[in-house]
Amino acid sequence: MAVYRLLPGLLVLCLGAILARAIELTAGFNHLLVAIALGFVLANGLGIPSRLEPGLATHKLWLGAGIVLMGASLTLNTILEAGAVVLFVVVLVTGLTIALVELLSRNVFGLADRLGSLLAAGAGICGVSAVVAVAGAIRAREGQIAYAAATVLLFDAATIVVYPIVGDLLGLSDVVFGIWAGVSMFSTGPVVAVGFARSELAGQWATMTKLARNALIGVVVLGYASYYARTGEGARPSVRTLWDEFPKFVLGFLALVVLASAGVFSPAQRASIENAYSWLFVLAFVGLGTEIRLAGLRNTGLLPVIVVLLSLLVGSTLSLLLLALLF
Amino acid sequence: MSIDRWQQAVTALRSYWTALERDWQSVAVGVATVALTTVFGVQIPW
């Protein structure tokens, strides 16, 4: 794609990021939440001209780059300290969520098998990305993909508002709040946003937990591909799927964690890198806000929403109880 | 370097960038930022 086509949207992301930071400095509102709100108002109030769309669509690139850079402010010790416990909670809650959504959608609410599987992947792993990845493996219909993606986006929008409120009401510590958001919310962007909106520590734990969850995507896609291939209706599964679906920016994140642990960065360099990822996150969240379209959210069906809501309530409560016991 | 060479280099860089998966593009942006701060000593304000 020609670079000049990206420039108008990129300029809007940059202006939104600067405005969000200025509002934080003058009015005290959190810059990440302001960034999402600015994107939301732009998309749903003013409308987005088509020439802005290519540039705005780059927001996931900036989110990934921000996560990579976040690795420089962590050390291996921090990760290993609670890594096994977090991994245990991630695998347990992810498995339970997928099983629960499948059970409810097939046996209780009578949704189509593939729609149930898309909802399960979206709720269990990483939102719309998981929906799209599993859709390819099980050859879901376009209508089902759109339905499942809209349901996930609806919950992304709702949880951005609800999680911080519940976290404050329950008086959760930053670490528990971060892991809880990372293990039970759906898409990576909203997880990072609510984490860092609470505190730096909560944001780091939310992101690390979510990355562990995202890393399971390959296994889930492979599992679904194998299941649907038995009926001759899915794509042919292969071990290569594990690599194809693996979020590669996690490797960049881990590389920086190793470098930071080895003491490669001076305090001043670390501060600069932290500032860089703060800017990248604000850019990304202006773009994330533009993806929350009220018109699209109205297209979700009631039954998929009920199925996902029930699984979210169970997964969220269970993970919170587990974390209260473990931390 | 002549203008033609610059254009060739930019074209090659652009096609290499376009061929990269988005996740690797994120890693490339991260590497470029780290290089700016560590090698060139650029201070990024907040």
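Glycine residues also receive a Cβ, built from the backbone N, Cα and C atoms like all the rest.
Annotated transmembrane segment per TrEMBL: A:32-49 (among others), in sequence order. A Cβ distance under 8 Å defines the sequence-distant neighbours of the transmembrane segment (A:32-49), meaning residues of its chain 6+ beyond its ends; these are 12, 16-17, 19-20, 23-24, 56, 160, 193, 196-197, 281-283, 285-294.
Per TrEMBL, the feature transmembrane segment maps to A:61-94 (among others).
The transmembrane segment annotation in TrEMBL covers A:114-138 (among others).
Among residues of the same chain six or more beyond the transmembrane segment (A:145-165), those with a C-beta under 8 A of the stretch's C-beta atoms are 33, 36, 115, 118-119, 122-123, 127-128, 131-132, 135, 180-181, 185-187, 189-190, 193-194, 197-198, 291-292, 296-297, 299-301, 304-305, 308-309, 312. Per TrEMBL, the feature transmembrane segment maps to A:145-165 (among others).
What TrEMBL lists as transmembrane segment is A:177-199 (among others). Residues 30, 32-33, 36, 59-60, 63, 66-67, 82, 86, 89-90, 93-94, 122-123, 126-129, 152-153, 155-156, 159-160, 163-164, 167, 205-210, 212-214, 281, 284-285, 288, 312, 315-316, 319-320, 323, 327 of the same chain sit 6 or more residues outside the transmembrane segment (A:177-199) yet have a Cβ under 8 Å from a Cβ within it.
Among the features that TrEMBL reports, transmembrane segment is placed at A:211-229 (among others). Beyond the transmembrane segment (A:211-229), the same-chain residues lying 6 or more positions past its ends with a Cβ under 8 Å from any Cβ of the stretch are 67, 86-87, 90-91, 94, 98, 114, 117, 121, 124-126, 129-130, 133-134, 136-139, 182-183, 188, 235-237, 239, 241-247, 250, 253.
The transmembrane segment annotation in TrEMBL covers A:249-265 (among others).
Annotation comment: TrEMBL describes A:277-296 (among others) as transmembrane segment.
Annotation comment: TrEMBL describes A:302-326 (among others) as transmembrane segment.
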As a test: from A:114-138, A:249-265, A:277-296, pick the stretch that has the greatest number of Cβ pairs under 8 Å with the transmembrane segment (A:61-94).
A:249-265
